[in-house]
Amino acid sequence: VMASMAHLQKEKLQLQEELLGLQEKLAARENDELSLSLQLQGQVETLKAKLLEQAQEIGRLRSELGGTDVEKHRDLLAAENERLRQEMKACEGELRELRRQQQAPCRDCSHLQENAGLREQLSQLQREAEEARAKLVELDLEVQQKTNRLAEVELRLKDSLAERAEEEERLSRRLRDSQETIASLKSQPQQIKYIIKTVEVESAKAKQALCETQSRNQYLQEQVGMQRQVLKEMEQQLQSSQKTEAQLRAQIMMYEAELERAHGQMLEEMQAMEEEKNHAIEEAFSRAQVEMKAVHENLAGVRTNLLTLQPALRTLTHDYNSLKRQVRDFPLLLQETLRSARAEISQAIEEVHSTNRELLRKYRRELQLRKKCHNELVRLKGNIRVFGRVRPITKEDGEGPEAANAVTFDTDDDAVLHLLHKGKQVSFELDKVFPPQASQEEVGAAILTAGMRRGCGHLPLTLPCHSQVFQEVQALVTSCIDGYNVCIFAYGQTGAGKTYTMEGTAANPGINQRALQLLFSEVRGKAADWDYAITVSAAEIYNEALRDLLGKEPQEKLEIKLCPDGSGQLYVPGLTEFRVQSVEDINKVFEFGHVKRVTECTNLNEHSSRSHALLIITVRGLDRSTGLRTTGKLNLVDLAGSERVGRSGAEGSRLREAQHINKSLSALGDVIYALRSRQGHVPFRNSKLTYLLQDSLSGDSKTLMMVQVSPAEKNTSETLCSLKFAERVRSVELGPVSRKAELVSWPSQEHLEVTKGLLGDSPGSAATPGRGHASHSPGQLSGRSASIRRKLQTSG
Ligand code: ADP
Ligand code: MG
């Protein structure tokens, strides 16, 4: 800042010097100008005086009317004019010089342009003056001519005057002579009279001559007047040229004034610049002072900071020294602490080990106990459940009385439904009945929870909240994961909704997908301790032939064989298994199976209603902590249509199909009946279906039968058959295990058809046969079945 200030000071001095120089120059220029203007004023004054003189001369000339002096005056005036012109030229030259000198220093001034403009004006004025001068010359010439003529006229006038004087002299002389003669003649009257007469004649002549002379005189005087007029005009011209000269002078004066003004402005500007410069210097100085002040303040702050930091530094060094000491001592301390910690940890590990061992032992015991309890529970409560589902009336049912609704429900008991058949109401009781408005979700949840909840009441149709749904849903799937086998069947006539319940639609999937989804989520939940592998197979039983729906050769008939390991398990050699890990995988598998089925048969709907479709899901688990292995199977079966084919008319392949379906459905009924009544012999081998599902139906497996019914009036006879089948499966009472029940064969499909006539007579006995009876003796049981048989026989 100091340096910049010094620099500025130096600059200021320099500028001041420059200013002084300029001022001096200006003063000199002013002096010059003053002297020049004085000179010019003097010249102007002399010019004025001369002009006055001329005017006087002109006045004098005017007063003198004599023509002889006019010439002299004109010469004089011309000479004077010439001289004045010379003087004016000199003045202009001087003025130009002066202007040039003035223009030189302010080359960059804005007045330059103005000056140029003024110069142009001046040159124009000069041109005008030149023109005026030319005119003057012309006028001079004219004056010359006029004076010449005037001189001539004057000469002539002189001559004529002289002539007239002579004539007058002569005439007066003659007059005198004549008067003398008259006087002499008076004396001589005769002679006189004659003489008078001659004189009279002669005087007339004289008179004429006089007149002529007078007229001539007149003419000459007119000429003189004209000449005077011309002179006057010339004077006027002279006056106008003098006026222009005066104008020019005034302009010159104006230019001078302007010059002066420009000079004044220049001075003012210079002054303003000077002031600005001073102001800038002052400002810079004050700024520098303020900055200096701030720097000083900062310095003071830093000083105080330094003063306060010194004690902190002292404490820091102190701390550092103590830390250093501590660091030196730290390894020893650490070793000691580590030793003690290690000892403590090993002791704790020992303790944990022993507790773990104890816990494992307890866990295994609990596991066994649980399995035992579960088996006992299943044994006590039975593991076969029957649900009914009524589909809504659809467009396919048509219109009119045929499509009227024939099924109603009990408002207080969701296990009861009433069917109006041929004007009579028949009631049935199952484990649960789903009305048409039940959603896939509700049905799925209820079915999948069925395994463990028999006798614990029924699920409400609208489930309160999701967490509860989840808890309820877990049971069936959990038991599959725990290693139990599960079978879910969909039974009913074609069009009653079997496939809808099992497969569902893409937007609203059925049990198949929901069960698998649940399996996945359950398995994920147990992933911390268990490894699980889930595989899927799809098969079809048509005309008692088993075919692989996922295999490369679907036409190939598969065999069911006993496992060679002696476990008594069955297996199907060649049945394709797909490992699935996500819902996407399942969808792919389903798609694959579906495509296979579609390409294999010409009419899928027809074919699917004449065959049983099986989806077999196998869950294999390994407990990583205990090494325990489990295998559970979930069999989802969409059964063939249960409707009876008219005995007359059906022949060939259609008849064979009907026979096979009838046989396999009857066999399924037989097996379930035998299982529920705990008979020693269960006729699994009577059909491919029961034989294949043997290990999933027996033991502590769980079975769920979903009986599908149509509510339409036209289907009531088939509906009746299906519901009777359902009730019969359900109504088999469980006795103690030890009891040997007699083998009672199930009525065949045809027999079911026949019984419908009977039901009208005693709906109560057929609809609710002995629900809640704890036990039957073998005699009672056989008696009841005998009575059924009897009824069948009488009606058949
Ligand atoms: P099935 O497999 O027993 O022959 P489907 O499952 O093919 O019968 O059902 C026949 C028709 O009825 C289908 O169009 C199906 O969508 C419809 N359907 C069945 N059950 C229901 C239901 N609960 N809600 C709505 N539509 C249904
Ligand atoms: Mg179907």
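Start at 1 and count along the chain as shown; that gives each residue its number.
Even glycines carry a Cβ here, placed using N, Cα and C.
Those TrEMBL annotations? Automatic predictions, nothing curated.
Record features, source TrEMBL:
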COILED    5-188  coiled coil
COILED    231-283  coiled coil
DOMAIN    383-732  domain 'Kinesin motor'
BINDING   Gly492, Gln493, Thr494, Gly495, Ala496, Gly497, Lys498, Thr499  ATP binding site
REGION    756-796  region 'Disordered'
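Close to ligand 2, meaning a Cβ under 6 Å from one of its atoms, are these of the binding-site residues Gly492, Ala496, Lys498, Thr499: Lys498, Thr499. In this structure, the binding-site residues that sit close to ligand 1, with a C-beta under 6 angstroms from any of its atoms, are Thr494, Gly495, Gly497, Thr499, chosen from Gln493, Thr494, Gly495, Gly497, Thr499. Over the coiled coil (5-188) the predicted model carries a mean pLDDT of 84. Within the same chain, residues at least six positions away from Gly495 (ATP binding site) with a Cβ under 8 Å of its Cβ are Glu396, Gly641, Ser710, Asn715. Around Gly492 (ATP binding site), a 10 Å sphere centred on its CB holds 30 further CB atoms from the protein chains shown.
When Cβ atoms from all protein chains are considered, those within 10 Å of Lys498 (ATP binding site) total 29, not counting its own.
Sequence-ordered, the extra residues of this chain that approach the ATP site, with Cβ no more than 8 Å from the Cβ center of Gly492, Gln493, Thr494, Gly495, Ala496, Gly497, Lys498, Thr499, are Arg391, Ala490, Tyr500, Ser609, Gly641, Gln708, Ser710.
The secondary structure of Thr494 (ATP binding site), as reduced to three states from DSSP, is coil rather than helix or strand. Non-local neighbourhood of Gly497 (ATP binding site): Arg389, Arg391, Gln708, Ser710, each in the same chain, at least six residues away, with C-beta under 8 Å from its C-beta.
Around the Cβ of Thr494 (ATP binding site), 18 further Cβ atoms fall within 10 Å across all displayed protein chains.
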